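Take a look at the structure set out below.
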Amino acid sequence: MPNNKTVVSQEQIAHQYEYMQFIARMNEDKAQVRGQRPKAFTQTFGCQQNEADTQRIAGMLDEMGYEKTDRTEDADVIVINTCAVREHAESRALGNVGALSHLKKARPEVTICLCGCMVQQEHMPDKIKKSYPQVDLVFGTHALWRFPELLYRRLTGDKRVFDTSGDAAGYIAEGLPVLRDGGTKAWLSIMYGCNNFCTYCIVPYVRGRERSRAPEEIVHELEQLVADGYKDITLLGQNVNSYGKDLDEQIDFSDLLMRLNEVPGDFLLRFMTSHPKDASHKLFDTMAACDKVAKQLHLPFQSGSDTVLKRMNRGYTAEHYRELIAYARSKMPDITLSSDIIVGFPGETEEDFEKTRTLVAEVGFDMLYTFLYSKRSGTPAAEMPDDTTHAVKQARFERLLKTQDETVQARQNAYQGKRLRVLVDGTSKGTEYPLTARTEGGLLVCCAGDDLKIGEFADVVIEKTSLRCLFGRSV
Ligand code: SAH
Ligand code: SF4
Ligand code: F3S
């Protein structure tokens, strides 16, 4: 079991269900008058963890009797779930909130809610109070499970509700409703928070400390997902490799994978994110041995320079990273590899940058997510001297993109003519290849074939390739 301090009691969760019922009754009355149910709009910025949180919020809204809408104009409640990882994510969210001031003037009864990582930052509540009067309700990541209660307070008279309190230890709230998108893919959070404090990163400050869900809760949720027909399930955590360290029970991430692999059904398990300092040979052996675990690894290295890695507080060297990749490939020759990279970290020299570029060219990644360093106030890196101009960083960024496109294209080309097992998951815009699918390694395939069905596995032969997509026909 997780330690008691972090688990929200079932009594407290039951309370939230009571608030959901109060609001549901209010909404039934509204629906009687209007002839239609009140509507809720949600929007998500940031990572998969935030998408998973929005699905909890959507589950609570559904329980409260709101119907989903894609249009803010039609909404009675608007929830914007924010991200703080880079400045760009914040300015986009705040830009959208700014644009809602017209809507709020025209329909003052609409409830505008801001939640998630951005608002959990210390300076944010004041900023919103002063500059965004259209926002009615603000709740941080630690208060997510109290959303029904907070919304109830707002709907029954409180002028503006702010709740960004909460212990940095963080919470685990089991038993809240969740509304997923349907389809084939589902997120499954196995842990929350982060203890790593990479010097550039805001996440540990806004998501609290690492805490693992009890394995039986995870197994139970997976069983439900499989029963509901989900086939492509991604286990989520900021650093899944440290799963279990906070539990009384002796269990690590590899042990958890083995348990989940035993759940009956035809499905694929993916996971993200792995941290190179904690990724072990045991993990790769386990991946290789578990038939339901996709041979896909997202292992961010951030920089190829040891001096930069040290200043980032990453806890490994480029050599260690290379060794991990070599071991993973020795066990799973067809493994799909991806990584995150930061360009322009404070003090990054031309030589440091070239080490990053060399690593990219050398490893041969299938997907890369490269970011320009963004200064986050409150993090140690924000205080580090940084004398490289934006123009120089931008030029490095573009050079790296060129290298990464070349290596990714080379990897894609290698699939030409190959037969691959894919899970068909949707429709594409193209007419020649009207369906989309994912390979076991997570690569996008646009495909064609009369016998292909969304939600089912199939074999396709790759007929052509591009940088972002393979094109295949069923065999
Ligand atoms: N926990 C995951 C990812 C968290 S954030 C991990 O450790 O890999 C996703 C990515 O955003 C990071 O991997 C990093 O590449 C990038 N990132 C985080 N903070 C950033 C910042 N201040 N500026 C630019 N990129 C950043
Ligand atoms: Fe951020 Fe590092 Fe934690 Fe990832 S491991 S969330 S980059 S502090
Ligand atoms: Fe952003 Fe929070 Fe995820 S800061 S990247 S939404 S954990």
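Each residue, glycine too, has its Cβ placed from N, Cα and C.
Nobody curates TrEMBL annotations by hand; they come from automatic prediction.
Copied over from TrEMBL, here are the features:
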BINDING   C47, C83, C117  [4Fe-4S] cluster 1 binding site
BINDING   C194, C198, C201  [4Fe-4S] cluster 2 binding site
DOMAIN    38-156  domain 'MTTase N-terminal'
DOMAIN    180-411  domain 'Radical SAM core'
DOMAIN    413-475  domain 'TRAM'
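Each of N196, F197, Y200, I202, V203, P204, Q238 belongs to the same chain as C194, C198, C201, is absent from that list, and has a C-beta within 8 angstroms of the C-beta centroid marking the [4Fe-4S] cluster 2 site. Across the domain 'MTTase N-terminal' (38-156), the DSSP tally of helix, strand and coil residues reads 65 helix, 23 strand, 31 coil. For ligand 2, the binding-site residues lying close by, meaning a CB under 6 A from one of its atoms, are C194, C198; the full candidate list was C83, C117, C194, C198.
Around the Cβ of C83 ([4Fe-4S] cluster 1 binding site), the same chain contributes F45, G46, C47, N50, A89, E90, A93, G116, C117, M118, each under 8 angstroms and 6 or more positions distant in sequence. Taking the centre of the Cβ atoms of C47, C83, C117 as the [4Fe-4S] cluster 1 site, the nearby residues of that chain (Cβ within 8 Å, site residues left out) are F45, G46, Q49, N50, T82, A84, V85, A89, G116, M118, V203, V206. In this structure, C47, C83 are the binding-site residues from C47, C83, C198, C201 whose C-beta falls under 6 Å of some atom of ligand 3. With DSSP states grouped into helix (H, G, I), strand (E, B) and coil, the domain 'TRAM' (413-475) comes out at 1 helix, 33 strand, 29 coil. Taken in sequence order, the binding-site residues C83, C117, C201 that lie near ligand 1, meaning a CB under 6 Å from one of its atoms, are C201.
When pLDDT values are averaged over the domain 'TRAM' (413-475), the model yields 96. Within 10 Å of the Cβ of C47 ([4Fe-4S] cluster 1 binding site) there are 18 other Cβ atoms, across all protein chains. A sphere of 10 angstroms centred on the C-beta of C194 ([4Fe-4S] cluster 2 binding site) encloses 23 other C-beta atoms.
The Cβ neighbour count for C198 ([4Fe-4S] cluster 2 binding site), using a 10 Å radius and every protein chain shown, is 21.
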